Amino acid sequence: MANPARSMSGRAVPASVGHARAHSQAGSLGRRLHERFMAYEEGEGRPWVAIWQGFTGSMMMLVASFGVGWLPNASYSVASLAPVIWMRYELAGVITSILLLVFGGMLLVRSWLRLGSRLGDFAKDGTAAAVRNATLLWSAPLAFSLPLFSRDVFAYIAQGLMVTNGLNPYKDSYSQITGYLQIGADDLWSQSPTPYGPVWLWLESWAVFFGQGNPLPSIAVFRLLAIVGFLLMWWGVTKMAALHHVNVPRAVFLSVTNPLVLTTFIASIHNDALMMGCVLVGLYLVARKKPILGIAVFTLSIGIKPITVLLLPFIGLMWAGPRASWRRKLVFAGLATAYSLGLMAILGFIVGGGFGWVAALKTPGTVWIWYAPVGMLGFIVGALANALGLDGASLTDLVYLGAKVVGLLVVARVFFVGKDAHLVRRMGVALAAVVLSSSMIQGWYVVWLLPLFAVSGVRSDWQYKVLSFVTPFFVAYSLCDQLDIFPYLTGIDLTSARNFAAVLVLAFCVYLVAIDSKTKHLFNIRWPSLSQMRELGVRARDAVRAEAARIRRGAEGHTGTDEKIVKGRAQGLSDAPSAPDAAPGGTPQTPSRRK
């Protein structure tokens, strides 16, 4: 008798049942889908349900992007299409687009949470395939959407035009480019120097050259670069997780399949994708005893976004090897830094601008956002100082400076303190310290941290719960923050559209946290029952009444005391002997003066 097949859950499945199920899928498409997801269906976790739900969410976001995604004002070829006209310039179309975007994005988040629950310990057969299929299916629709949640790609085009026109992006601003608003670049950064490195400036110039004045081909080039970076990071995560003996599918699930990563890297077309791809590949090459090539690849990440220069000394520690003396570690840290900065000098000379990116590093730090702890603290200090007649702006800058100093102290500590086996984790902590000490925390700042923590191991305790909160928060915030609404649309404007999206997002978040039986356990919040809420209300009412009665009795007591004092004083005056107001004989007595 033939041995029965084993399902993903480990249960035995008779061969006859398996053959019957296979033959029941008569159609070619149904047969292929059955063969691909047979293992998932037999497994008790059924990850394919979450996978296809996430794909549905991505498709909804793809459709919504043509209504509220960012479209250059000069792109008449797309804006003139009949479906796009209805979705962008009709009230019903805009509302439909917002609904699709919000529910699609939150469905993607829910699918990611459910996939993690269905896969459990990520040790079952077919787990790696499930994570891979989820990543591919969820990212594919976003690769064809209009830019969502960010206008940075249009700033890339404007900066590329600066390079091709001979301007210095580190000294000049793209406000000098004629028609930069028609390109779609954000006016907020129009007076600021670029914060990017020479490698990215060079890529920007080639993307603009490929577009030949049309933004859409340039956007396609930038999206292709983002996808390349995404794939490089995916490859690097698998290799680095294996080196750390960490569950590879779980590391990929946390840092690659993550909806925040997919929306930030692919939908928003951020250059952080290529930056992190170079970081992970460079780290792997250095860890595999190829330091010269690895540092060169890592230097490309600095040439894209210079924030990764912070990790150069840690690369030197990795180059020095485990159990090396501190003298050797410091020497190799200096060698790695000198080698990388030498390569940056060459790149700066070729592209132009030299080390102008160093001064431009402060550009993102000139603004703040409410959910950044340092940003909110600086705002509160400044507001209180202004209310007291002090210089609030100076005190706010002092708060920001103090936070940066604390962040750098944390970086120095994790450089000198820690195990060699935890070097990548220490890099993540150092980068997290810099992010948390900033007055402005964007969603892609968080994405920098995910691969470094994922490949070094994320525990299933509070660490996973923090990630389960951070991912929905930043995705939810993006869904109601960056919307492209036609300014002359009757019945809705940008503010009301954002408020409408925010209400929908908040409702879905409450559903995930408090109502959905499949996800609320992830947040571990015990919501009171109706009877408990009623009892709590009764207690609150009784407490308020008791406090009111106490205050009333106190007021009555004070009133009684005052009356007694008044009566006492009056009684004392009546009992006191009266002063003689006349002398004997009827002559008034005048008091004598003391000499």
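Note: Cβ is positioned from N, Cα and C throughout, glycine not excepted.
The following features are taken from TrEMBL:
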- 1-24: region 'Disordered' (REGION)
- 48-71: transmembrane segment (TRANSMEM)
- 91-109: transmembrane segment (TRANSMEM)
- 220-237: transmembrane segment (TRANSMEM)
- 260-286: transmembrane segment (TRANSMEM)
- 293-319: transmembrane segment (TRANSMEM)
- 339-361: transmembrane segment (TRANSMEM)
- 368-386: transmembrane segment (TRANSMEM)
- 398-416: transmembrane segment (TRANSMEM)
- 428-450: transmembrane segment (TRANSMEM)
- 492-514: transmembrane segment (TRANSMEM)
- 551-595: region 'Disordered' (REGION)
- 551-566: compositional bias 'Basic and acidic residues' (COMPBIAS)
- 574-584: compositional bias 'Low complexity' (COMPBIAS)
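Taking pairs at least six residues apart, the transmembrane segment (293-319) and the transmembrane segment (428-450) share three or more Cβ pairs below 8 Å and count as touching. Nonlocal intrachain contacts for the transmembrane segment (492-514), taken as residues 6+ away from its ends with a CB within less than 8 angstroms of a stretch CB, comprise 68, 91, 94-95, 98-99, 101-103, 106, 109-110, 113, 472, 476, 479-481, 483, 485, 520, 523, 525, 527. Tallying C-beta pairs under 8 angstroms between the transmembrane segment (260-286) and each of 91-109, 368-386, 398-416, 428-450 places 428-450 first.
Through the fold, the transmembrane segment (398-416) approaches residues 310, 313-314, 317, 365, 374, 377-378, 381-382, 426, 429-430, 433-434, 436-439 of its own chain, all at least 6 residues removed from its boundaries and within a Cβ separation under 8 Å. The list of residues near the transmembrane segment (428-450) in space but at least 6 beyond its ends in sequence, with Cβ under 8 angstroms from a Cβ of it, reads 149, 254-255, 258, 260-261, 263-265, 268, 270, 272, 276, 307, 310-311, 314, 364-365, 367-369, 371-375, 378, 400, 403-404, 406-408, 410-411, 414-415, 456, 467, 470, 474-475, 477-478.
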